[in-house]
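S.K.: As listed in Swiss-Prot for this protein:
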BINDING   117, 121, 122, 123  (6S)-5,6,7,8-tetrahydrofolate binding site
MOD_RES   226  N6-(pyridoxal phosphate)lysine
SITE      225  site 'Plays an important role in substrate specificity'
């Protein structure tokens, strides 16, 4: 940081302020995590200087002999992590990974079956404001109104009715185990290909704590951050038969030069994920999420679907304490707990207001938070959301947050 401090004091101040925010707050955004110093070091290395259009040993530029090695390491480690036949580590984001699969599997206007956004899906799974919903004819499946879990009978019914060319499984706000085998059976029954977006659960999948979609899906996409705890980026895993189509769709189809410094950071993160302690970490992520859900339930909050199987907890704050997700997010942010407002199934509020909040445990677990810490986190959340205008409660909540964060510094 010394070079930035000398050369650009404004950006230096931004970075320092952001570090302090991360260190002094409890991060509960389910899609965020804290990378290791090794991952950050790789991403900030001289590899950022290198242009490398193409793929290892098939580049359009000279001088790629070393980035070829790092990209190959990333590919091989990802294959080992997930048991994939082919991996492309070049997508700059999960959204671009999804776009590439759509371009391979579909023609403009084709019918696709994806999860309703307000039920836990993702923008790139057919939202009208997203390219996916504008280029393709998406039809939706959702969760059962009673148990708030995916209704596979409904998925089959909608699939039979609309005959999609592609079925998309995966979610951005779904706290239960997804039955990829069942999705594959449904896809086969209607003659569709299956794509799984495992961005949120990739870390759990890598260590065997969630069923692996690679066995069942034609295409699997993911981000490399979130539970996988790598740099921000994307990745595609697919059957060997789709290798050439996927690779040429990423380059030269929708991207040019790959970000080789980010790919090296992906390789480092995948190497970390192959170590035994990564499974211990993921086990703690799940235990912490269960503790968070159970304690909030004990405190009188309604947890969507009644609990969690993964890293994520969705909470109906409007139905529980009569405030919107927007108010809940702002109230928690004021005391140093960061989360995001989120629609819940059958939500009547607008997406920028919402009836719920989405909470996740990966980032705080990386800091060393255990079940005891998350029980305290849940009680702090309860304290302030039950009376969000109570200054005394807010002050107490902030003090208790500071006690937790001081015990678990972000980076030593």
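Glycine residues also receive a Cβ, built from the backbone N, Cα and C atoms like all the rest.
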S.K.: With Cβ-Cβ distance below 8 Å and at least 6 positions apart along the chain, what are the contacts of the residue listed as 'N6-(pyridoxal phosphate)lysine'? List them in sequence order.
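M.R.: In sequence order, the residues whose Cβ lies under 8 Å from that of the residue listed as 'N6-(pyridoxal phosphate)lysine' (at least 6 apart) are 30, 31, 32, 33, 199, 200, 202, 203, 362.
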S.K.: Rank the binding-site residues 117, 123 by the number of other Cβ atoms within 10 Å of each Cβ, and give the residue at the low end.
M.R.: 123
S.K.: Any idea what the Cα distance is from residue 122 ((6S)-5,6,7,8-tetrahydrofolate binding site) over to residue 225 (site 'Plays an important role in substrate specificity'), rounded to a whole Å?
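M.R.: Counting only the Cα atoms, the answer is 16 Å.
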S.K.: Taking the Cβ of residue 225 (site 'Plays an important role in substrate specificity') as reference, which residues of that chain separated by at least 6 in sequence fall under 8 Å from it?
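M.R.: Set apart from residue 225 (site 'Plays an important role in substrate specificity') by at least 6 residues yet with Cβ under 8 Å, we have 31, 32, 33, 35, 231, 232, 233.
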S.K.: In the three-state scheme derived from DSSP, which category covers residue 226 (N6-(pyridoxal phosphate)lysine)?
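M.R.: Once the DSSP labels are grouped into three classes, residue 226 (N6-(pyridoxal phosphate)lysine) ends up as helix.
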S.K.: Mind giving me a neighbour count for residue 121 ((6S)-5,6,7,8-tetrahydrofolate binding site)? Other Cβ atoms within 10 Å of its Cβ, every protein chain shown.
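M.R.: Within a 10 Å radius of the Cβ of residue 121 ((6S)-5,6,7,8-tetrahydrofolate binding site) lie 25 other Cβ atoms.
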